[in-house]
Structure formats: structure tokens, C-alpha cells
Amino acid sequence: MAGCVPLLQGLVLVLALHRVEPSVFLPASKANDVLVRWKRAGSYLLEELFEGNLEKECYEEICVYEEAREVFENEVVTDEFWRRYKGGSPCISQPCLHNGSCQDSIWGYTCTCSPGYEGSNCELAKNECHPERTDGCQHFCLPGQESYTCSCAQGYRLGEDHKQCVPHDQCACGVLTSEKRAPDLQDLPWQVKLTNSEGKDFCGGVIIRENFVLTTAKCSLLHRNITVKTYFNRTSQDPLMIKITHVHVHMRYDADAGENDLSLLELEWPIQCPGAGLPVCTPEKDFAEHLLIPRTRGLLSGWARNGTDLGNSLTTRPVTLVEGEECGQVLNVTVTTRTYCERSSVAAMHWMDGSVVTREHRGSWFLTGVLGSQPVGGQAHMVLVTKVSRYSLWFKQIMN
């Protein structure tokens, strides 16, 4: 009997424990709450330790402005991001052209272009020339079947990327030393005066090849014996004088209408580059009319008339393109495909015939216009010029 007592006591203890609620262990629902709270507290601690993660805060989840501000730590950048973030899906507007596919991202969208197209919005055909290209040809561009081809102005050759143009000749056109690139240039190596047999200056001209000067047809027919004169880079007071051996007036020059008012003057001997002068570049048609003239500011340069004489100092003025219709109304002229107009915002001047308009593009200066006789009574702050790019074939026929 005594041996049964411990057995009975153990049985009673087991029954008692079975009726007691196991408070050491929580129910599943409460246990999950504890786990969730602990997990959130842990992630919050990590977020405090590390910089804000934009993708986690605003892409995987919906963020508030303050969370984005913690990531950028800059109000301007945050505001820019917030405008895009709250603007909705950019791909809804179908920004990717030519059947490109659009993918939303935290910063906006990304386009995957169809074969043959490129650009941020697939807007550029790979075989075409576009002025908008930031990585396109430095000078001239020719479209092809699968891709475009680059070429360069006189005295340059293509670089290793087949896009950049590298000067390889001492007479490479349009190159200025770094200290003479400012738009208020007072001494341009391609600008020359024309002088008659009596030593009187009567017109201006511009060197476009070391042995050719371009001027107006009217100027070239004023005198029989013409000499080109330049003071560029002269150490003495005496100018460099070179005689003209041949005058090439454009075959379609119309003196009455003033059309095709251009003439090429062939020099007796070539100018020694770069010390005595330097040619300016002559642009191809598409390059000039789609990029140079409409997209860059021009520089009008020449000598102003002081009565019947020309001033001693070369004058330069910044100019911009004027639409043909406006120019035609102001100057009472017909603006053709071979002419265009420039406007200067500074005081009016009486420019001599043969003054020129040049434009700088990526380190090279290009000739875009030559001034002829201006309309009577026209406003001197606006000038009509001959569009040089329309005559590139004629230049090649004469000079080559």
C-alpha cells in the first residue's frame, strides 16, 4: 500500500497541470503580432542606420514627400522627383516612337527602340542626319541605307570615331587660336579689303581657299585691276598686297535683280597660312540650312562706310536669323531660296559690299552669308545676304 502512494500523487499532478492554462506560450494570433512588431522594429532600425533607399520607399511601396526628402536631402531635387512621381505613368502618353516599347521607372520611363531607331524617345532613324544629335557628325552628314556618313570641311580629316573632324593642314579652314574665339573679334584672318589701281579701298572680301577670295559680283566688276589687301598678323604698318589674276563672276549673275551676286577672285599667289591669313570654311547646304543658320548666332563683320571711304578698323556685330516673310516686308524685297536675312540689335551701320556673316560650330568658323548692295530705304539693323551654302557646287567647279 505504501508503494502506491507516490504513484497516486504523480497521477494527481498530471491531471492538475492538464487543467492549468499554458500561459508561457501565446496563442498563434498574438504570437504573430509579436513577430510582426519585432520585424518592423528591426527594419526601421536598419533604415535609420543606412541611407534612404528610393526604390524601396517609393517604388515597392507608396511613399510620402518626407520619405523622398530623406533620400535626396535636397529640396530642389526632391521637388523635381516628386512632380514626376505624382504625375502618374508616363508610358500612358506613348512617348516611344516608331513602335518602341515603354517601361515605367522611378524617374520616368525608358524606351526600348525598334531596329533602325535610337534616341531617348526612339525619334532618330539611325541612317538619317539629325541636327538634334549630340553625338553626330562634327561637320557634314550624308544619310545612307543603314547609317549616316560624316565628312569634313577643307583641311580636316575624320577622327578615329569617324565623326569628329581633326585639322591636319596648316590651312585648315575656320580655325582660330583660343584667345581669339570671343564674339567681339576685331581681327579675323579671312577678312580682306579690295583695292583699285589707285590704292583706294572699295569693297570687302573673304578668303575661302588660300588662293581664292569670295566677294560680290558687283564689286568684282567695278575695276579692272584689283588687289587684295590684308593687315592680319602684320608686324609693320604695311599691308600684305596680292594681285588678282582671274575674276570668276557667277554665270547667272543678274545685275538688275541683284541675284547670284557672287564672284570668285583668283590670287596671283596663295596666301601663306596661317601667318598671313586663313580661309573660312564653306558649309554644305543641309549643314548650313538645318543647323548653322537657324540654330546658332552669327557674326556680321566688315568695314563700315564713312562717306565714300572705308573705315580702318574691322567692325563686328552679333546677328540672328530673321524669317523671310518678316524681312521681305521690312526691307520691301523678295527673299528667295538663295538669300536670307540677319538682324542686329545694336546701332545701325552702313556696311560696305562684301561684308560677311560667319558662324562658329564646335571650334570651326563657317561662312553663311555675303552682303551685297542693300535695299534703298531699308532698315540698317536688318540686312539681306546671299546664302553661300547654295553655291557649294559652283565653288568646287571653279576652285578644283
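Cβ atoms here come from the backbone N, Cα and C positions, even for glycine.
Per Swiss-Prot, the features are as follows:
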- 41-86: domain 'Gla' (DOMAIN)
- Glu47: 4-carboxyglutamate (MOD_RES)
- Glu51: 4-carboxyglutamate (MOD_RES)
- Glu55: 4-carboxyglutamate (MOD_RES)
- Glu57: 4-carboxyglutamate (MOD_RES)
- Cys58-Cys63: disulfide bond (DISULFID)
- Glu60: 4-carboxyglutamate (MOD_RES)
- Glu61: 4-carboxyglutamate (MOD_RES)
- Glu67: 4-carboxyglutamate (MOD_RES)
- Glu70: 4-carboxyglutamate (MOD_RES)
- Glu73: 4-carboxyglutamate (MOD_RES)
- Glu75: 4-carboxyglutamate (MOD_RES)
- Glu80: 4-carboxyglutamate (MOD_RES)
- 87-123: domain 'EGF-like 1' (DOMAIN)
- Cys91-Cys102: disulfide bond (DISULFID)
- Ser93: O-linked glycosylation site (CARBOHYD)
- Cys96-Cys111: disulfide bond (DISULFID)
- Asn99: N-linked glycosylation site (CARBOHYD)
- Asp104: (3R)-3-hydroxyaspartate (MOD_RES)
- Cys113-Cys122: disulfide bond (DISULFID)
- 125-166: domain 'EGF-like 2' (DOMAIN)
- Cys129-Cys141: disulfide bond (DISULFID)
- Cys137-Cys150: disulfide bond (DISULFID)
- Cys152-Cys165: disulfide bond (DISULFID)
- 175-400: domain 'Peptidase S1' (DOMAIN)
- Cys203-Cys219: disulfide bond (DISULFID)
- Asn225: N-linked glycosylation site (CARBOHYD)
- Asn233: N-linked glycosylation site (CARBOHYD)
- Asn306: N-linked glycosylation site (CARBOHYD)
- Cys327-Cys341: disulfide bond (DISULFID)
- Asn332: N-linked glycosylation site (CARBOHYD)
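Across the domain 'EGF-like 1' (87-123), DSSP assigns 4 helix, 12 strand, 21 coil.
For the modified residues shown (Glu70, Glu75, Asp104), fewest C-beta neighbours within 10 angstroms: Glu75. Break the domain 'EGF-like 2' (125-166) down by DSSP state and the numbers are 0 helix, 12 strand, 30 coil. Checking Cα-Cα distances from Cys113 (disulfide bond) against the disulfide-bonded residues (Cys129, Cys137, Cys150, Cys165, Cys203) with a 10 Å cut-off leaves nothing; none qualify. Less than 8 angstroms from the CB of Cys327 (disulfide bond) sit Val333, Val335, Tyr340, Cys341, Met382, Leu384, each of them six or more residues away in the same chain. The Cβ neighbour count for Cys141 (disulfide bond), using a 10 Å radius over every protein chain in view, is 23. Within 10 Å (C-alpha to C-alpha) of Cys141 (disulfide bond) lie the following recorded positions from Cys152, Asn225, Asn332: Cys152.
Within 10 Å of the C-beta of Cys219 (disulfide bond) there are 24 other C-beta atoms, taking all protein chains into account. Cys137 (disulfide bond) sits 36 Å from Cys203 (disulfide bond), taking the C-alpha atoms as the reference points.
The Cβ neighbour count for Cys341 (disulfide bond), using a 10 Å radius and every protein chain shown, is 22. Only Cys122, from the recorded positions Cys63, Glu80, Cys122, Cys129, place their Cα within 10 Å of the Cα belonging to Asn99 (N-linked glycosylation site). Here Cys129 (disulfide bond) is positioned 45 angstrom away from Asn225 (N-linked glycosylation site), judged by their C-alpha atoms. Each of the disulfide-bonded residues Cys150, Cys165 was scored by how many other Cβ atoms lie within 10 Å of its Cβ, and the smallest score goes to Cys150. A distance of 15 Å separates the Cα atom of Cys152 (disulfide bond) from that of Cys129 (disulfide bond).
Nearest in space to Glu80 (4-carboxyglutamate), taking C-alpha to C-alpha distance over the recorded positions Cys63, Ser93, Cys96, Cys122, Cys129, is Cys63.
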